[in-house]
2 protein chains.
Amino acid sequence: MISPFDDTYFMKKALEEAEVAYDKGEIPVGVVVVINDRIIARGHNLTETLNDVTAHAEMQAITAAASFLGGKYLQNCTMYITLEPCQMCAGALYWSQISKIVFGASDPQRGYRKNGVQLHPKTKVVSGIMEEDCGDLLKRFFIEKRNLN
Amino acid sequence: MISPFDDTYFMKKALEEAEVAYDKGEIPVGVVVVINDRIIARGHNLTETLNDVTAHAEMQAITAAASFLGGKYLQNCTMYITLEPCQMCAGALYWSQISKIVFGASDPQRGYRKNGVQLHPKTKVVSGIMEEDCGDLLKRFFIEKRNLN
């Protein structure tokens, strides 16, 4: 039997979260955290709603996943993220010792890879899953913002 | 008249926060956020208590200061931190556009300067204020931890 649970399946779920952010007028970034093919945490960017620069999707999902697991380390977890994490979120992922991250669109300006931020040595990285869909939602958001101003 | 409010005055307040963390069995790092010589936010490390790697003193204080100010940017604010921020906290400080950070002890292993993490161009940095006192509290914590194990 072919499992329906692959990286694309879970990235679609992260993209659904990004769409929730979009509908709230937030920069549309979404996240899910998965363990054994089960989603244990979701998150979407809430920096405007909460008036808080730390309220990125990843930060909320790290806290939620740790709460679900009852421990602060995200061993055997994979985080699916629609956009390459920034240096803050990559720093948080470092501390979480998460096993794997998968992201969609790259962020050459604000992404963690630009400045050499370190992830944990235990963390595997996959990039470019549904890159176009994840990037298109962001582009749509910024075009709309520009036209409103 | 000589003002009592200098960097040492506020670093002492941050160190008081670090001592609160120490008493809770947390790695003793403390923070205050100051605007016009007034403390508007305090924080100490709570990663063990909250089971959350994102619960560094700085992260909590950024959220608290933004809440006090009613806006997410920490313009005209100075954060006093007993230890050099890690890459996660430096990343959060970047997003906050904070005007100034002052830290006590350096952290050559986990500090933000090691990997080239960027602070915001608007952010001034002062280091080494009460370096010895801030560092001694951390050393005392780790010696005690070792002896208990």
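Every residue gets a Cβ built from N, Cα and C, even glycine.
Now, the feature entries from TrEMBL:
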DOMAIN    B:5-115  domain 'CMP/dCMP-type deaminase'
BINDING   B:H56, B:C86, B:C89  Zn(2+) binding site
ACT_SITE  B:E58  active site, proton donor
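With a cut-off of 8 Å between CB atoms and residues at least 6 apart in sequence, the same chain places B:V29, B:N45, B:T47, B:C86, B:M88, B:C89 near B:H56 (Zn(2+) binding site), listed in sequence order.
Mean pLDDT of the predicted structure over the domain 'CMP/dCMP-type deaminase' (B:5-115): 97. Proximity of the residue listed as 'active site, proton donor' to non-local residues of its own chain (separation of 6 or more, Cβ distance below 8 Å) is seen for B:V31, B:G43, B:M79, B:I81, B:P85, B:C89, B:A92, B:L93, given in sequence order.
Here the binding-site residues are B:C86, B:C89, and the one ringed by the most other CB atoms within 10 angstroms is B:C89. Residue counts of the domain 'CMP/dCMP-type deaminase' (B:5-115) by helix, strand and coil are 44 helix, 27 strand, 40 coil (DSSP-based).
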